[in-house]
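Here is the structure we will look at, set down as structure tokens.
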């Protein structure tokens, strides 16, 4: 626990330059792949089951503590969300939704965020994994993973962008019970608007989002949006254009995140690993390779600060599973072979049956000059921060309850 104002966050024991050995836990519920947003909807929870199958066949499950998430309870969700919104999510069903037209409109539930069978259980499951991961980090794990989480668009009183409850905000609130400062980093192609909004006026949470900006959902994330009041300059937005490749992306990510870590000195990091920023995504327009995307995980891991890795967007599901499998390997310090092992979903990965896919030859609309301007402006914003703001610790709120023995038997 980092109590001193000048403390440098939680340092983990290292083995080698970036401490290759980490104590990693991984949250997975076998039911998650059964939830179905509906025909033609791009969000497919089945991708979590595909990821899990790859982890099993690459032998990575044996390297981690595998946990079944404890479903988040109403009162857990209401630490951020409005009571009436949570009550609505709990009660609405495909059969009853026609009787609740006003509520559907009020809570923005409908086309993008449909009512489907088991909706509330789905929310409880993915939120439970993220909050459970935060509890594990608070008690000594180095890295916690919940690929079902990362639903960054959900707001206090409404669903948005395929997201119903904001598991990220709930996990950060849990981390704040033990850490004075928590850093949130978002590499989804879409702006992490729900998380930024939740912490826009505090200096205890810094949010950094790298995203497509300009006539693109959700429309927020301008470089000029920097936070407000005590939170001024604690929100960083990195607006990007179509076709950004690994080299261009890292030319921003590493210097910006290196400076953030130096100045903000968080006790814990939450990294949202939305895979819709990969080349060839069904909804995306970036051109990152899986290795380029995973380089963000590798870089944040190298600071030896507890990290919560979450999923997010990602709509070409064979590539989502590839990406999150590879990034689990990065978390564990394992380089995975490109030749994919046989698995239940092998046919999804043809014709090459490899872990990595080549980026395309699409045009990179991010000019060197524009990238230089963005980097300079954001690094200048960071100079306006006081080093590592301090807060007086209050009496700690009670922890989210976790079952005594939640280890999965696979």
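Using N, Cα and C of the backbone, Cβ positions are placed for all residues, glycine too.
All TrEMBL annotations are machine predictions without curation.
Feature list (source: TrEMBL):
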| type | residues | note |
| --- | --- | --- |
| ACT_SITE | 153 | active site, proton acceptor |
| BINDING | 112, 161, 315 | substrate binding site |
| BINDING | 188, 190, 276 | divalent metal cation binding site |
| COMPBIAS | 401-410 | compositional bias 'Acidic residues' |
| DOMAIN | 41-328 | domain 'Histone deacetylase' |
| REGION | 389-410 | region 'Disordered' |
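Counting every protein chain shown, 17 other Cβ atoms lie within 10 Å of the Cβ of residue 112 (substrate binding site).
Sequence-distant neighbours of residue 188 (divalent metal cation binding site): residues of the same chain at least 6 apart with a C-beta under 8 Å from its C-beta are 150, 152, 211, 272, 273, 274, 276, 277, 312, 313. Inclusion criterion for the binding-site residues 112, 161, 190: a C-alpha placed within 10 angstroms of the C-alpha of residue 153 (active site, proton acceptor); this criterion is met by 161, 190. Contacts of residue 190 (divalent metal cation binding site) defined by a Cβ separation under 8 A and a same-chain sequence distance of 6+ are given as 152, 153, 161, 211, 212, 216, 217, 218, 274, 276, 313, in order along the sequence.
Sequence-distant neighbours of residue 315 (substrate binding site) (same chain, 6+ apart, CB under 8 A from its CB) are 42, 43, 44, 276, 281, 282, 283, 284. Within 10 Å of the C-beta of residue 161 (substrate binding site) there are 21 other C-beta atoms, taking all protein chains into account. Between the listed recorded positions, namely 153, 276, the fewest other CB atoms within 10 angstroms of a CB are found at 276.
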